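These come from Swiss-Prot:
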type: MOD_RES; residues: Thr236; note: FMN phosphoryl threonine
type: TRANSMEM; residues: 23-40; note: transmembrane segment
type: TRANSMEM; residues: 56-76; note: transmembrane segment
type: TRANSMEM; residues: 129-149; note: transmembrane segment
type: TRANSMEM; residues: 164-184; note: transmembrane segment
type: TRANSMEM; residues: 268-288; note: transmembrane segment
type: TRANSMEM; residues: 297-317; note: transmembrane segment
type: TRANSMEM; residues: 325-345; note: transmembrane segment
type: TRANSMEM; residues: 358-378; note: transmembrane segment
type: TRANSMEM; residues: 381-401; note: transmembrane segment
Amino acid sequence: MALKKFLEDIEHHFEPGGKHEKWFALYEAVATVFYTPGLVTKKSSHVRDSVDLKRIMIMVWFAVFPAMFWGMYNAGGQAIAALNHMYAGDQLATVIAGNWHYWLTEMLGGSISADAGVGSKMLLGATYFLPIYATVFLVGGFWEVLFCMVRKHEVNEGFFVTSILFALIVPPTLPLWQAALGITFGVVVAKEIFGGTGRNFLNPALAGRAFLFFAYPAQISGDVVWTAADGFSGATALSQWAHGGSGALINNITGAPITWMDAFIGNIPGSIGEVSTLALMIGAAMIVYMRIASWRIIAGVMIGMIAVSTLFNVVGSDTNPMFNMPWHWHLVLGGFAFGMFFMATDPVSASFTNKGKWWYGILIGAMCVMIRVVNPAYPEGMMLAILFANLFAPLFDHVVIEKNIKRRLARYGK
């Protein structure tokens, strides 16, 4: 309560006419981190309840925690297994001493040995994820506050979600300066230029990742970025299938086959938050239950993916193994599940009419499979599919609204 009283006591200095008026956006950003603003709608018509933008964004933020924690554990576990597979004895000690992630883990009580426990794996994964997240949060937050100061309006909480989503869809080895550059593009070009929260037509986190993908492909794709172990190279399961079919799915470290359950649980290399479909489903159930995410969009994405993947299965191909990938493998490989649950359902860049949500979701699922199967240079397809569908979302809503108007005119006359 002392903090709240302090913030209330100094608030008048930041209001119009106060000596710190130009810093109101920064004050408001700090204050709303700790307390919900007391502003309510004063003019009709409106319905009041306990849900506001801040609470919605915080719930989405919490919903990605299962995927985030599993992603850190998996990133650490993959790195430790790879290091002990390649090095031993004094050679391993030299490698550990030369990488701050490794020696920091040991300094904090963790272990890089082959028998490292859950805590050590989580700790090592955290040394990769948390710096990326902190960089994204600080740099993106800087741009948010700067634009709010120039426009003289409050800071919205949408960036809490954008920052963590962006940090979860990049490799654990992404250089921090590229993380800063990617979120800068996402916030400034894909969001603030169009007016800020609620006015962007592209998903900012995906737009930032797309920028990095085309500007710095070596650091965000390929075989060397997914496992945080010095000197280790290993393709993702999706890339393995693209080059050799289901028989090519092997653990890059042990050589054992990768089962569907391995991919579903998340015991495979990949972007930090995308590997575990199970963890993503737990978070998705939370936001669907609270009606933050649209079940229609999720169902539409599944329908589009199943329909097109089944069509490719029927057609078949002797030269392209991706034609033969069944729908249940599309679900657990790559960024499909993460994109379906947390990116496609972004209420700002998605369709807002019920019928539009169905077509929007179907387009994403269909486009994702088409890009994965037909495009030989890019085995992943969810990012481009969602950004493509973002462009069509207003069209779907326009068609639905126009048809509703015509139907009502025909029903009730002039």
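Backbone N, Cα and C atoms are what each Cβ position is placed from, and that goes for glycine too.
Counting Cβ pairs under 8 Å that are 6 or more residues apart, the transmembrane segment (164-184) and the transmembrane segment (297-317) reach fewer than 3 and are not in contact.
Residues 59-60, 62-72, 74-75, 78, 125, 128-129, 132, 165, 167-172, 226-227, 234, 236-237, 252, 258, 262, 294-295, 298, 331-332, 334-335, 337-338, 341-342, 345 of the same chain sit 6 or more residues outside the transmembrane segment (268-288) yet have a Cβ under 8 Å from a Cβ within it. Within the same chain, the residues at least 6 positions away from Thr236 (FMN phosphoryl threonine) whose Cβ sits under 8 Å from its Cβ are Asp223, Trp226, Ile268, Pro269, Gly270, Leu333, Gly334, Pro379, listed in sequence order.
Tertiary proximity for the transmembrane segment (325-345) is limited to same-chain residues at least six positions away from its ends with a CB under 8 Å from its CB atoms, namely 60, 63-64, 67, 165, 168-169, 203, 205-206, 236-238, 241, 246, 260, 263-264, 270-271, 273-274, 277, 280-281, 283-284, 287, 292-294, 297-298, 301-302, 305-306, 309-310, 312-313, 360-361, 364-365, 368-369, 372-373, 379-383, 385-386, 389.
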